[in-house]
Amino acid sequence: MRKQLGEAVGEVKTDIEIARAARKQPIMEVGARLGIPPEHLLPYGHDKAKVSAEFIAAQREKKNGRLILVTAINPTPAGEGKTTTTVGLVDGLNRIGKKAIVCIREASLGPCFGIKGGAAGGGYAQVVPMEDINLHFTGDFHAITSAHNLLSALIDNHIYWGNEQAIDIRRIAWRRVMDMNDRALRHIVGSLGGVANGYPRETGFDITVASEVMAILCLAMDIRDLERRLGNIIIGYRRDKSPVYARDIKADGAMAVLLKDAMQPNLVQTLENNPAFVHGGPFANIAHGCNSVVATTTALKLADYVVTEAGFGADLGAEKFFDIKCRKAGLMPDAAVIVATVRAIKMNGGVKKEDLAKENVEALRKGCPNLGRHIQNVKKFGVPVLVAINHFTSDTEAEIQAIKDYVRTLGSEAVLCKHWAEGSAGIEELADKVADLADAGHSQFSPLYPDEMPLFQKIEAIAKDIYHASEVIADKLVRDQLRIWEDQGYGHLPICMAKTQYSFSTDPNLRGAPTGHTVPIREVRLAAGAGFIVVITGEIMTMPGLPKVPSSERIRLDEEGYIEGLF
(Lines of atoms letter the chains of each structure in order from A and count residues from 1; the text may use other names and numbers.)
(Lines give C-alpha, C1' and ligand atoms only; values in the text may rest on other atoms or scores of the structure.)
Protein backbone atom coordinates (compact mmCIF):
# COMPACT_ATOMS: atom_id res chain seq x y z
CA MET A 1 0.00 0.00 0.00
CA ARG A 2 1.38 3.39 -0.96
CA LYS A 3 1.32 6.24 1.53
CA GLN A 4 -1.57 8.62 1.17
CA LEU A 5 -1.92 12.38 1.17
CA GLY A 6 -1.45 13.58 4.72
CA GLU A 7 1.29 11.11 5.62
CA ALA A 8 3.33 13.85 7.29
CA VAL A 9 0.82 14.08 10.12
CA GLY A 10 0.41 10.33 10.33
CA GLU A 11 -2.88 10.17 8.45
CA VAL A 12 -2.89 6.95 6.44
CA LYS A 13 -6.10 5.92 4.73
CA THR A 14 -6.89 2.90 2.62
CA ASP A 15 -8.79 3.15 -0.66
CA ILE A 16 -11.96 1.89 0.98
CA GLU A 17 -11.67 4.42 3.83
CA ILE A 18 -11.24 7.26 1.34
CA ALA A 19 -14.22 6.06 -0.68
CA ARG A 20 -16.39 5.66 2.40
CA ALA A 21 -15.61 9.23 3.50
CA ALA A 22 -16.65 10.68 0.11
CA ARG A 23 -19.29 13.39 0.06
CA LYS A 24 -21.45 11.91 -2.65
CA GLN A 25 -24.13 13.90 -4.40
CA PRO A 26 -27.54 12.33 -5.02
CA ILE A 27 -27.31 10.56 -8.36
CA MET A 28 -30.26 12.58 -9.67
CA GLU A 29 -28.14 15.74 -9.26
CA VAL A 30 -25.24 14.15 -11.14
CA GLY A 31 -27.61 13.21 -13.94
CA ALA A 32 -29.20 16.66 -13.98
CA ARG A 33 -25.81 18.25 -14.70
CA LEU A 34 -25.65 16.07 -17.81
CA GLY A 35 -29.15 17.03 -18.85
CA ILE A 36 -30.69 13.66 -17.98
CA PRO A 37 -34.26 14.14 -16.67
CA PRO A 38 -35.09 12.21 -13.47
CA GLU A 39 -37.68 10.08 -15.28
CA HIS A 40 -34.87 8.69 -17.45
CA LEU A 41 -32.71 7.67 -14.49
CA LEU A 42 -33.55 4.31 -12.95
CA PRO A 43 -32.10 4.58 -9.43
CA TYR A 44 -30.35 1.80 -7.55
CA GLY A 45 -30.32 3.49 -4.16
CA HIS A 46 -29.23 7.14 -3.90
CA ASP A 47 -25.80 6.92 -5.54
CA LYS A 48 -26.15 4.87 -8.71
CA ALA A 49 -28.64 4.68 -11.55
CA LYS A 50 -29.20 3.27 -15.00
CA VAL A 51 -29.85 5.58 -17.95
CA SER A 52 -32.97 4.71 -19.92
CA ALA A 53 -32.80 3.39 -23.47
CA GLU A 54 -35.30 6.07 -24.52
CA PHE A 55 -33.03 8.89 -23.38
CA ILE A 56 -30.03 7.31 -25.10
CA ALA A 57 -31.92 6.95 -28.40
CA ALA A 58 -32.91 10.62 -28.27
CA GLN A 59 -29.26 11.74 -28.15
CA ARG A 60 -28.08 10.10 -31.38
CA GLU A 61 -28.19 13.17 -33.60
CA LYS A 62 -26.15 15.32 -31.24
CA LYS A 63 -22.54 16.21 -31.98
CA ASN A 64 -19.81 14.08 -30.41
CA GLY A 65 -17.28 15.39 -27.92
CA ARG A 66 -13.59 14.47 -27.93
CA LEU A 67 -12.66 10.84 -27.26
CA ILE A 68 -9.51 10.14 -25.23
CA LEU A 69 -8.13 6.65 -24.61
CA VAL A 70 -6.08 5.76 -21.54
CA THR A 71 -3.87 2.71 -21.94
CA ALA A 72 -0.61 1.52 -20.34
CA ILE A 73 2.71 -0.25 -20.67
CA ASN A 74 3.04 -3.95 -19.84
CA PRO A 75 2.05 -4.03 -16.17
CA THR A 76 3.23 -5.61 -12.96
CA PRO A 77 0.77 -8.12 -11.43
CA ALA A 78 -0.71 -5.35 -9.25
CA GLY A 79 -1.48 -3.07 -12.22
CA GLU A 80 -0.11 0.41 -12.91
CA GLY A 81 -3.06 2.64 -12.05
CA LYS A 82 -4.71 2.90 -15.46
CA THR A 83 -8.22 3.17 -14.02
CA THR A 84 -6.94 5.53 -11.33
CA THR A 85 -5.40 7.75 -14.02
CA THR A 86 -8.54 7.59 -16.17
CA VAL A 87 -10.66 8.76 -13.24
CA GLY A 88 -8.07 11.33 -12.15
CA LEU A 89 -7.83 12.77 -15.66
CA VAL A 90 -11.59 13.37 -15.81
CA ASP A 91 -11.45 15.07 -12.42
CA GLY A 92 -8.54 17.15 -13.73
CA LEU A 93 -10.40 18.13 -16.90
CA ASN A 94 -13.43 19.22 -14.90
CA ARG A 95 -11.13 21.12 -12.53
CA ILE A 96 -9.80 23.24 -15.42
CA GLY A 97 -13.31 24.02 -16.61
CA LYS A 98 -13.93 21.28 -19.16
CA LYS A 99 -17.10 19.18 -19.22
CA ALA A 100 -15.79 15.62 -19.04
CA ILE A 101 -17.18 12.14 -18.35
CA VAL A 102 -15.24 9.00 -17.48
CA CYS A 103 -16.22 5.66 -19.06
CA ILE A 104 -14.74 2.56 -17.43
CA ARG A 105 -15.52 -1.12 -17.05
CA GLU A 106 -17.28 -2.89 -14.21
CA ALA A 107 -15.26 -5.00 -11.79
CA SER A 108 -15.10 -8.78 -11.92
CA LEU A 109 -15.21 -10.72 -8.67
CA GLY A 110 -12.34 -12.88 -9.94
CA PRO A 111 -9.54 -10.31 -9.57
CA CYS A 112 -11.30 -8.66 -6.60
CA PHE A 113 -10.76 -11.83 -4.60
CA GLY A 114 -7.64 -12.87 -6.53
CA ILE A 115 -4.59 -10.65 -6.87
CA LYS A 116 -5.32 -7.48 -8.83
CA GLY A 117 -8.12 -6.00 -6.74
CA GLY A 118 -11.13 -4.02 -7.89
CA ALA A 119 -11.72 -1.69 -10.80
CA ALA A 120 -12.86 1.57 -9.21
CA GLY A 121 -9.52 3.40 -9.19
CA GLY A 122 -7.54 4.17 -6.07
CA GLY A 123 -6.48 6.79 -3.57
CA TYR A 124 -8.11 10.15 -4.29
CA ALA A 125 -9.03 9.17 -7.86
CA GLN A 126 -11.89 6.72 -7.49
CA VAL A 127 -15.44 6.18 -8.62
CA VAL A 128 -17.98 5.62 -5.88
CA PRO A 129 -19.75 3.77 -4.33
CA MET A 130 -16.53 1.75 -4.51
CA GLU A 131 -17.78 -1.24 -2.49
CA ASP A 132 -20.88 -1.67 -4.64
CA ILE A 133 -18.99 -1.22 -7.91
CA ASN A 134 -16.40 -3.83 -6.94
CA LEU A 135 -18.97 -6.37 -5.77
CA HIS A 136 -22.51 -6.87 -7.12
CA PHE A 137 -23.14 -3.29 -8.35
CA THR A 138 -26.40 -3.18 -10.35
CA GLY A 139 -26.44 -6.88 -11.17
CA ASP A 140 -25.15 -6.64 -14.75
CA PHE A 141 -22.64 -9.48 -14.35
CA HIS A 142 -25.32 -11.68 -12.80
CA ALA A 143 -27.57 -10.99 -15.79
CA ILE A 144 -24.76 -11.75 -18.26
CA THR A 145 -23.85 -14.96 -16.42
CA SER A 146 -27.51 -15.99 -16.32
CA ALA A 147 -28.07 -15.33 -20.02
CA HIS A 148 -24.92 -17.25 -20.95
CA ASN A 149 -25.80 -20.24 -18.77
CA LEU A 150 -29.42 -20.22 -19.95
CA LEU A 151 -28.06 -20.90 -23.43
CA SER A 152 -25.83 -23.66 -22.01
CA ALA A 153 -28.84 -25.29 -20.34
CA LEU A 154 -30.96 -24.97 -23.48
CA ILE A 155 -28.27 -26.70 -25.56
CA ASP A 156 -28.19 -29.75 -23.30
CA ASN A 157 -31.98 -29.71 -23.02
CA HIS A 158 -32.34 -29.61 -26.81
CA ILE A 159 -30.08 -32.65 -27.15
CA TYR A 160 -31.90 -34.50 -24.34
CA TRP A 161 -35.31 -34.03 -25.97
CA GLY A 162 -34.42 -35.47 -29.37
CA ASN A 163 -31.78 -33.14 -30.82
CA GLU A 164 -33.92 -31.76 -33.65
CA GLN A 165 -31.00 -29.62 -34.89
CA ALA A 166 -28.72 -32.70 -35.10
CA ILE A 167 -26.04 -31.07 -32.94
CA ASP A 168 -22.87 -33.15 -32.82
CA ILE A 169 -22.16 -33.39 -29.08
CA ARG A 170 -18.46 -33.76 -29.90
CA ARG A 171 -18.49 -30.30 -31.47
CA ILE A 172 -20.40 -28.16 -28.98
CA ALA A 173 -18.55 -24.84 -28.78
CA TRP A 174 -20.50 -23.23 -25.92
CA ARG A 175 -19.24 -23.68 -22.37
CA ARG A 176 -20.56 -22.33 -19.07
CA VAL A 177 -19.36 -19.28 -17.13
CA MET A 178 -19.11 -17.91 -13.61
CA ASP A 179 -17.69 -14.65 -12.28
CA MET A 180 -14.91 -16.20 -10.22
CA ASN A 181 -11.37 -17.50 -10.63
CA ASP A 182 -11.70 -21.29 -10.33
CA ARG A 183 -9.15 -23.46 -12.12
CA ALA A 184 -10.95 -26.66 -11.06
CA LEU A 185 -13.74 -25.88 -13.52
CA ARG A 186 -11.62 -25.39 -16.64
CA HIS A 187 -12.25 -28.92 -17.91
CA ILE A 188 -15.07 -31.05 -16.56
CA VAL A 189 -17.41 -33.85 -17.61
CA GLY A 190 -21.09 -33.04 -17.40
CA SER A 191 -24.34 -35.03 -17.37
CA LEU A 192 -22.95 -37.90 -15.31
CA GLY A 193 -25.22 -40.10 -13.21
CA GLY A 194 -27.37 -41.96 -15.67
CA VAL A 195 -29.88 -41.60 -18.47
CA ALA A 196 -32.05 -39.08 -16.63
CA ASN A 197 -29.20 -36.54 -16.61
CA GLY A 198 -28.57 -36.40 -20.34
CA TYR A 199 -25.64 -37.33 -22.53
CA PRO A 200 -22.24 -37.20 -20.76
CA ARG A 201 -19.70 -34.98 -22.51
CA GLU A 202 -16.59 -32.97 -21.84
CA THR A 203 -17.16 -29.29 -21.22
CA GLY A 204 -15.88 -26.56 -18.91
CA PHE A 205 -16.26 -23.08 -17.47
CA ASP A 206 -14.82 -19.72 -18.47
CA ILE A 207 -14.89 -16.59 -16.35
CA THR A 208 -17.87 -14.34 -17.11
CA VAL A 209 -15.69 -11.55 -18.47
CA ALA A 210 -14.53 -13.93 -21.23
CA SER A 211 -18.12 -14.73 -22.24
CA GLU A 212 -19.25 -13.87 -25.74
CA VAL A 213 -22.43 -12.55 -24.12
CA MET A 214 -20.29 -9.97 -22.28
CA ALA A 215 -18.66 -8.95 -25.56
CA ILE A 216 -22.04 -8.75 -27.28
CA LEU A 217 -23.48 -6.50 -24.58
CA CYS A 218 -20.43 -4.25 -24.84
CA LEU A 219 -20.56 -3.99 -28.66
CA ALA A 220 -24.32 -3.85 -29.28
CA MET A 221 -25.77 -0.47 -30.24
CA ASP A 222 -29.24 -1.07 -28.76
CA ILE A 223 -31.54 -3.83 -27.54
CA ARG A 224 -32.51 -4.96 -31.06
CA ASP A 225 -28.87 -5.19 -32.09
CA LEU A 226 -28.25 -7.11 -28.87
CA GLU A 227 -30.94 -9.68 -29.68
CA ARG A 228 -29.71 -10.05 -33.26
CA ARG A 229 -26.16 -10.67 -32.05
CA LEU A 230 -27.34 -13.17 -29.43
CA GLY A 231 -29.11 -15.10 -32.18
CA ASN A 232 -25.89 -15.18 -34.20
CA ILE A 233 -23.94 -17.00 -31.48
CA ILE A 234 -22.60 -20.30 -32.82
CA ILE A 235 -23.27 -22.94 -30.17
CA GLY A 236 -21.77 -25.88 -32.03
CA TYR A 237 -21.74 -27.84 -35.26
CA ARG A 238 -23.62 -30.67 -36.92
CA ARG A 239 -21.96 -33.80 -38.26
CA ASP A 240 -21.72 -32.14 -41.67
CA LYS A 241 -19.83 -29.32 -39.88
CA SER A 242 -22.53 -26.73 -40.57
CA PRO A 243 -22.96 -24.26 -37.69
CA VAL A 244 -25.85 -24.30 -35.23
CA TYR A 245 -26.88 -20.86 -33.95
CA ALA A 246 -28.53 -19.80 -30.71
CA ARG A 247 -31.55 -18.69 -32.74
CA ASP A 248 -31.90 -22.25 -34.09
CA ILE A 249 -32.87 -23.46 -30.61
CA LYS A 250 -34.92 -20.29 -29.94
CA ALA A 251 -32.64 -19.03 -27.17
CA ASP A 252 -32.08 -15.45 -28.31
CA GLY A 253 -35.37 -13.95 -27.12
CA ALA A 254 -35.14 -15.21 -23.56
CA MET A 255 -31.47 -14.23 -23.36
CA ALA A 256 -32.33 -10.68 -24.47
CA VAL A 257 -35.02 -10.49 -21.78
CA LEU A 258 -32.45 -11.34 -19.11
CA LEU A 259 -30.15 -8.62 -20.48
CA LYS A 260 -32.77 -5.89 -21.01
CA ASP A 261 -31.81 -3.85 -17.93
CA ALA A 262 -28.12 -4.79 -18.07
CA MET A 263 -27.97 -3.15 -21.51
CA GLN A 264 -28.58 0.27 -19.93
CA PRO A 265 -25.40 2.09 -18.79
CA ASN A 266 -24.73 2.68 -15.10
CA LEU A 267 -24.21 6.26 -13.93
CA VAL A 268 -22.14 6.91 -10.79
CA GLN A 269 -19.68 9.64 -9.76
CA THR A 270 -16.04 10.24 -8.90
CA LEU A 271 -14.85 11.31 -5.46
CA GLU A 272 -15.06 14.87 -6.79
CA ASN A 273 -18.68 14.36 -7.93
CA ASN A 274 -17.92 14.22 -11.64
CA PRO A 275 -20.06 11.87 -13.78
CA ALA A 276 -18.90 8.34 -14.54
CA PHE A 277 -20.39 5.63 -16.73
CA VAL A 278 -19.36 2.19 -15.46
CA HIS A 279 -20.68 -0.45 -17.84
CA GLY A 280 -19.51 -3.81 -19.14
CA GLY A 281 -16.30 -5.52 -18.21
CA PRO A 282 -14.48 -7.82 -20.66
CA PHE A 283 -10.84 -8.53 -19.79
CA ALA A 284 -8.28 -7.40 -22.36
CA ASN A 285 -6.06 -10.49 -22.19
CA ILE A 286 -8.84 -12.99 -22.95
CA ALA A 287 -11.50 -10.69 -24.47
CA HIS A 288 -11.65 -7.24 -26.09
CA GLY A 289 -11.08 -5.24 -22.91
CA CYS A 290 -13.32 -2.18 -23.40
CA ASN A 291 -16.39 -0.76 -21.70
CA SER A 292 -19.68 -0.75 -23.60
CA VAL A 293 -20.22 1.06 -26.88
CA VAL A 294 -23.57 2.32 -25.56
CA ALA A 295 -21.92 4.01 -22.56
CA THR A 296 -19.15 5.55 -24.67
CA THR A 297 -21.38 6.83 -27.46
CA THR A 298 -23.89 8.24 -24.96
CA ALA A 299 -21.15 10.01 -23.02
CA LEU A 300 -19.84 11.55 -26.26
CA LYS A 301 -23.23 13.22 -26.74
CA LEU A 302 -23.31 14.61 -23.20
CA ALA A 303 -19.78 15.95 -22.65
CA ASP A 304 -17.02 17.86 -24.41
CA TYR A 305 -14.43 15.22 -23.42
CA VAL A 306 -14.89 11.51 -22.78
CA VAL A 307 -12.03 9.59 -21.20
CA THR A 308 -12.15 5.81 -21.43
CA GLU A 309 -9.70 3.01 -20.75
CA ALA A 310 -8.72 -0.24 -22.43
CA GLY A 311 -7.41 -3.10 -20.33
CA PHE A 312 -3.79 -4.00 -19.59
CA GLY A 313 -1.05 -2.73 -21.91
CA ALA A 314 -1.45 -1.03 -25.27
CA ASP A 315 -0.46 -4.29 -27.01
CA LEU A 316 -3.76 -5.77 -25.83
CA GLY A 317 -6.41 -3.26 -24.76
CA ALA A 318 -5.48 -0.35 -27.03
CA GLU A 319 -5.06 -2.56 -30.10
CA LYS A 320 -8.51 -4.05 -29.50
CA PHE A 321 -10.02 -0.65 -28.72
CA PHE A 322 -8.80 0.61 -32.10
CA ASP A 323 -9.26 -2.53 -34.20
CA ILE A 324 -12.51 -3.85 -32.69
CA LYS A 325 -14.44 -1.22 -30.73
CA CYS A 326 -13.64 1.86 -32.81
CA ARG A 327 -13.92 -0.07 -36.09
CA LYS A 328 -17.31 -1.57 -35.22
CA ALA A 329 -18.81 1.50 -33.53
CA GLY A 330 -17.42 4.11 -35.91
CA LEU A 331 -15.55 5.90 -33.12
CA MET A 332 -12.74 8.36 -33.89
CA PRO A 333 -10.32 8.76 -30.96
CA ASP A 334 -8.71 12.20 -30.66
CA ALA A 335 -5.83 11.41 -28.30
CA ALA A 336 -4.31 8.66 -26.18
CA VAL A 337 -2.54 8.58 -22.82
CA ILE A 338 -0.12 5.79 -21.92
CA VAL A 339 0.19 5.21 -18.18
CA ALA A 340 3.68 4.28 -17.05
CA THR A 341 5.17 3.74 -13.62
CA VAL A 342 8.76 3.71 -12.51
CA ARG A 343 8.26 0.26 -10.98
CA ALA A 344 6.81 -1.30 -14.16
CA ILE A 345 9.56 0.14 -16.33
CA LYS A 346 12.17 -1.19 -13.90
CA MET A 347 10.51 -4.61 -13.94
CA ASN A 348 10.73 -4.54 -17.73
CA GLY A 349 14.40 -3.69 -17.21
CA GLY A 350 14.97 -6.88 -15.25
CA VAL A 351 14.50 -5.75 -11.64
CA LYS A 352 12.96 -8.32 -9.30
CA LYS A 353 9.64 -7.54 -7.65
CA GLU A 354 11.15 -7.24 -4.17
CA ASP A 355 13.69 -4.64 -5.39
CA LEU A 356 11.32 -2.34 -7.29
CA ALA A 357 11.25 0.31 -4.53
CA LYS A 358 15.03 0.86 -4.73
CA GLU A 359 16.41 3.53 -7.08
CA ASN A 360 17.88 1.94 -10.19
CA VAL A 361 18.20 4.41 -13.06
CA GLU A 362 20.25 1.99 -15.15
CA ALA A 363 17.57 -0.71 -15.02
CA LEU A 364 14.92 1.91 -15.71
CA ARG A 365 16.72 3.03 -18.87
CA LYS A 366 16.98 -0.62 -19.87
CA GLY A 367 13.21 -1.02 -19.45
CA CYS A 368 12.24 2.19 -21.26
CA PRO A 369 12.10 0.52 -24.71
CA ASN A 370 8.95 -1.24 -23.49
CA LEU A 371 7.33 2.17 -23.05
CA GLY A 372 8.83 3.30 -26.34
CA ARG A 373 7.27 0.45 -28.26
CA HIS A 374 3.84 1.20 -26.82
CA ILE A 375 4.22 4.84 -27.88
CA GLN A 376 5.21 3.79 -31.40
CA ASN A 377 2.36 1.26 -31.58
CA VAL A 378 -0.30 3.82 -30.65
CA LYS A 379 1.11 6.21 -33.25
CA LYS A 380 0.71 3.46 -35.88
CA PHE A 381 -3.04 3.99 -35.54
CA GLY A 382 -2.62 7.69 -36.28
CA VAL A 383 -3.52 8.79 -32.74
CA PRO A 384 -1.35 11.41 -30.94
CA VAL A 385 -0.10 10.28 -27.54
CA LEU A 386 1.06 11.58 -24.17
CA VAL A 387 2.66 9.61 -21.32
CA ALA A 388 1.34 9.87 -17.76
CA ILE A 389 3.88 8.91 -15.09
CA ASN A 390 1.70 7.62 -12.25
CA HIS A 391 3.67 8.68 -9.18
CA PHE A 392 4.65 6.39 -6.32
CA THR A 393 6.31 7.69 -3.14
CA SER A 394 9.34 5.46 -3.79
CA ASP A 395 10.03 7.15 -7.16
CA THR A 396 13.14 9.34 -7.27
CA GLU A 397 13.71 12.55 -9.22
CA ALA A 398 16.47 10.88 -11.23
CA GLU A 399 14.16 8.04 -12.29
CA ILE A 400 11.32 10.39 -13.23
CA GLN A 401 13.65 12.61 -15.23
CA ALA A 402 15.08 9.60 -17.06
CA ILE A 403 11.58 8.67 -18.27
CA LYS A 404 10.85 12.23 -19.38
CA ASP A 405 14.14 12.43 -21.27
CA TYR A 406 13.53 9.09 -23.00
CA VAL A 407 9.98 9.97 -24.07
CA ARG A 408 11.18 13.30 -25.46
CA THR A 409 13.54 11.45 -27.82
CA LEU A 410 10.47 9.77 -29.35
CA GLY A 411 8.72 13.05 -30.06
CA SER A 412 6.22 12.74 -27.22
CA GLU A 413 5.95 14.18 -23.72
CA ALA A 414 5.75 12.55 -20.29
CA VAL A 415 3.90 14.29 -17.45
CA LEU A 416 4.26 13.43 -13.77
CA CYS A 417 0.85 12.84 -12.18
CA LYS A 418 0.03 12.75 -8.46
CA HIS A 419 -3.73 12.29 -8.67
CA TRP A 420 -3.61 9.19 -6.46
CA ALA A 421 -2.45 11.28 -3.52
CA GLU A 422 -3.80 14.72 -4.44
CA GLY A 423 -6.88 14.14 -6.59
CA SER A 424 -7.52 16.54 -9.46
CA ALA A 425 -4.94 19.03 -8.17
CA GLY A 426 -2.23 16.47 -8.88
CA ILE A 427 -3.12 15.97 -12.54
CA GLU A 428 -3.91 19.50 -13.79
CA GLU A 429 -0.85 19.64 -16.03
CA LEU A 430 -1.81 16.43 -17.82
CA ALA A 431 -5.42 17.61 -18.14
CA ASP A 432 -4.30 20.84 -19.82
CA LYS A 433 -2.02 19.03 -22.24
CA VAL A 434 -4.55 16.31 -23.07
CA ALA A 435 -7.27 18.87 -23.80
CA ASP A 436 -4.91 20.82 -26.04
CA LEU A 437 -3.81 17.65 -27.85
CA ALA A 438 -7.38 16.45 -28.39
CA ASP A 439 -8.51 19.88 -29.60
CA ALA A 440 -5.59 20.27 -32.01
CA GLY A 441 -7.17 17.92 -34.55
CA HIS A 442 -3.95 15.98 -35.20
CA SER A 443 -5.57 12.54 -34.97
CA GLN A 444 -5.71 10.61 -38.23
CA PHE A 445 -7.11 7.39 -36.85
CA SER A 446 -7.04 4.27 -38.97
CA PRO A 447 -7.23 0.59 -37.90
CA LEU A 448 -4.14 -1.57 -38.26
CA TYR A 449 -5.56 -3.77 -41.03
CA PRO A 450 -8.47 -3.62 -43.51
CA ASP A 451 -11.61 -5.74 -43.19
CA GLU A 452 -10.90 -7.57 -46.44
CA MET A 453 -7.48 -8.89 -45.37
CA PRO A 454 -7.48 -12.71 -44.90
CA LEU A 455 -7.85 -13.81 -41.27
CA PHE A 456 -4.40 -15.35 -40.89
CA GLN A 457 -2.79 -12.24 -42.36
CA LYS A 458 -4.67 -10.14 -39.80
CA ILE A 459 -3.19 -12.29 -37.04
CA GLU A 460 0.25 -11.84 -38.58
CA ALA A 461 -0.25 -8.07 -38.81
CA ILE A 462 -0.91 -7.85 -35.06
CA ALA A 463 1.90 -10.26 -34.17
CA LYS A 464 4.51 -8.60 -36.38
CA ASP A 465 3.50 -4.92 -36.25
CA ILE A 466 2.40 -4.71 -32.59
CA TYR A 467 4.25 -7.57 -30.84
CA HIS A 468 7.33 -7.43 -33.13
CA ALA A 469 7.24 -11.21 -33.55
CA SER A 470 9.07 -12.84 -36.42
CA GLU A 471 6.53 -15.60 -37.04
CA VAL A 472 3.07 -16.88 -36.18
CA ILE A 473 2.99 -20.64 -35.63
CA ALA A 474 -0.30 -22.38 -36.39
CA ASP A 475 -0.95 -26.01 -37.27
CA LYS A 476 -2.99 -27.18 -40.25
CA LEU A 477 -6.13 -27.54 -38.12
CA VAL A 478 -6.07 -23.85 -37.16
CA ARG A 479 -5.31 -22.65 -40.69
CA ASP A 480 -8.03 -24.85 -42.17
CA GLN A 481 -10.54 -23.59 -39.62
CA LEU A 482 -9.78 -19.98 -40.51
CA ARG A 483 -10.28 -20.77 -44.20
CA ILE A 484 -13.61 -22.47 -43.46
CA TRP A 485 -14.82 -19.38 -41.61
CA GLU A 486 -13.74 -17.24 -44.55
CA ASP A 487 -15.74 -19.48 -46.88
CA GLN A 488 -18.75 -19.12 -44.56
CA GLY A 489 -18.60 -15.32 -44.82
CA TYR A 490 -16.70 -14.44 -41.64
CA GLY A 491 -13.46 -13.34 -43.28
CA HIS A 492 -14.24 -9.65 -42.71
CA LEU A 493 -14.22 -9.98 -38.91
CA PRO A 494 -11.45 -8.44 -36.77
CA ILE A 495 -9.12 -10.46 -34.57
CA CYS A 496 -9.25 -10.61 -30.77
CA MET A 497 -5.94 -11.96 -29.48
CA ALA A 498 -5.89 -13.84 -26.16
CA LYS A 499 -2.36 -13.35 -24.85
CA THR A 500 -0.46 -12.74 -21.63
CA GLN A 501 -0.57 -9.13 -20.47
CA TYR A 502 2.94 -9.17 -19.03
CA SER A 503 4.93 -9.25 -22.26
CA PHE A 504 4.80 -8.35 -25.95
CA SER A 505 5.43 -12.05 -26.50
CA THR A 506 3.39 -15.05 -25.35
CA ASP A 507 5.96 -15.72 -22.61
CA PRO A 508 5.02 -13.70 -19.48
CA ASN A 509 8.64 -13.77 -18.32
CA LEU A 510 10.04 -12.19 -21.50
CA ARG A 511 10.07 -8.55 -20.46
CA GLY A 512 11.16 -5.36 -22.15
CA ALA A 513 10.74 -4.97 -25.91
CA PRO A 514 11.58 -8.39 -27.37
CA THR A 515 11.90 -8.94 -31.11
CA GLY A 516 12.17 -12.07 -33.22
CA HIS A 517 9.99 -14.22 -30.96
CA THR A 518 7.25 -16.52 -32.25
CA VAL A 519 3.52 -16.43 -31.50
CA PRO A 520 2.09 -19.96 -31.20
CA ILE A 521 -1.67 -20.26 -31.78
CA ARG A 522 -3.25 -22.90 -29.56
CA GLU A 523 -6.87 -22.46 -30.57
CA VAL A 524 -9.22 -20.22 -32.56
CA ARG A 525 -12.84 -19.49 -31.68
CA LEU A 526 -15.49 -17.79 -33.78
CA ALA A 527 -17.52 -15.25 -31.80
CA ALA A 528 -20.07 -14.69 -34.55
CA GLY A 529 -22.45 -12.78 -32.28
CA ALA A 530 -19.82 -10.41 -30.96
CA GLY A 531 -18.30 -10.14 -34.41
CA PHE A 532 -14.67 -11.18 -34.01
CA ILE A 533 -12.33 -14.18 -34.10
CA VAL A 534 -10.70 -15.10 -30.77
CA VAL A 535 -7.12 -16.32 -31.21
CA ILE A 536 -5.77 -18.07 -28.11
CA THR A 537 -1.98 -18.02 -27.83
CA GLY A 538 0.58 -19.54 -25.52
CA GLU A 539 -0.66 -20.70 -22.12
CA ILE A 540 -3.36 -18.05 -21.62
CA MET A 541 -6.45 -19.36 -19.80
CA THR A 542 -10.05 -18.19 -20.25
CA MET A 543 -10.74 -19.34 -16.68
CA PRO A 544 -8.07 -17.89 -14.36
CA GLY A 545 -6.94 -19.46 -11.10
CA LEU A 546 -6.42 -17.90 -7.70
CA PRO A 547 -2.91 -17.09 -6.41
CA LYS A 548 -1.37 -18.87 -3.42
CA VAL A 549 -2.46 -16.03 -1.14
CA PRO A 550 -5.65 -14.55 -2.65
CA SER A 551 -6.88 -11.08 -1.72
CA SER A 552 -9.97 -12.72 -0.26
CA GLU A 553 -7.92 -13.65 2.82
CA ARG A 554 -7.77 -9.96 3.77
CA ILE A 555 -11.42 -9.14 3.09
CA ARG A 556 -13.83 -9.29 6.01
CA LEU A 557 -16.62 -7.51 7.88
CA ASP A 558 -15.63 -5.52 10.96
CA GLU A 559 -17.59 -5.56 14.21
CA GLU A 560 -19.97 -2.90 12.89
CA GLY A 561 -20.62 -4.75 9.63
CA TYR A 562 -18.41 -2.58 7.40
CA ILE A 563 -16.21 -4.14 4.73
CA GLU A 564 -12.46 -4.20 5.33
CA GLY A 565 -9.65 -5.17 2.96
CA LEU A 566 -11.37 -4.43 -0.36
CA PHE A 567 -9.19 -2.46 -2.77
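Quick reminder: no glycine exception, Cβ is built from N, Cα and C everywhere.
Copied over from Swiss-Prot, here are the features:
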- Thr76, Pro77, Ala78, Gly79, Glu80, Gly81, Lys82, Thr83: ATP binding site (BINDING)
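Positions of Swiss-Prot features highlighted on the structure.
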residue : record           : contacts (Cβ under 8 Å, 6+ apart)
Thr76   : ATP binding site : Thr341, Arg343, Ala344, Met347, Lys353, Leu356
Pro77   : ATP binding site : Ile115, Lys116, Tyr502
Ala78   : ATP binding site : Ile115, Lys116, Gly117
Gly79   : ATP binding site : Lys116, Gly117
Glu80   : ATP binding site : Ala72, Ile73, Val339, Ala340, Thr341, Arg343, Ala344, Asn390
Gly81   : ATP binding site : Gly122, Val339, Thr341, Asn390, Trp420
Lys82   : ATP binding site : Val70, Thr71, Ala72, Pro75, Glu309, Gly311, Val339
Thr83   : ATP binding site : Ile104, Ala119, Ala120, Gly121, Gly122, Glu309
- By the DSSP assignment reduced to helix, strand and coil, which category contains Lys82 (ATP binding site)? helix
- Same-chain shell around ATP excluding Thr76, Pro77, Ala78, Gly79, Glu80, Gly81, Lys82, Thr83, C-beta within 8 angstroms of the CB centroid, reads Ala72, Pro75, Lys116, Thr341, Ala344
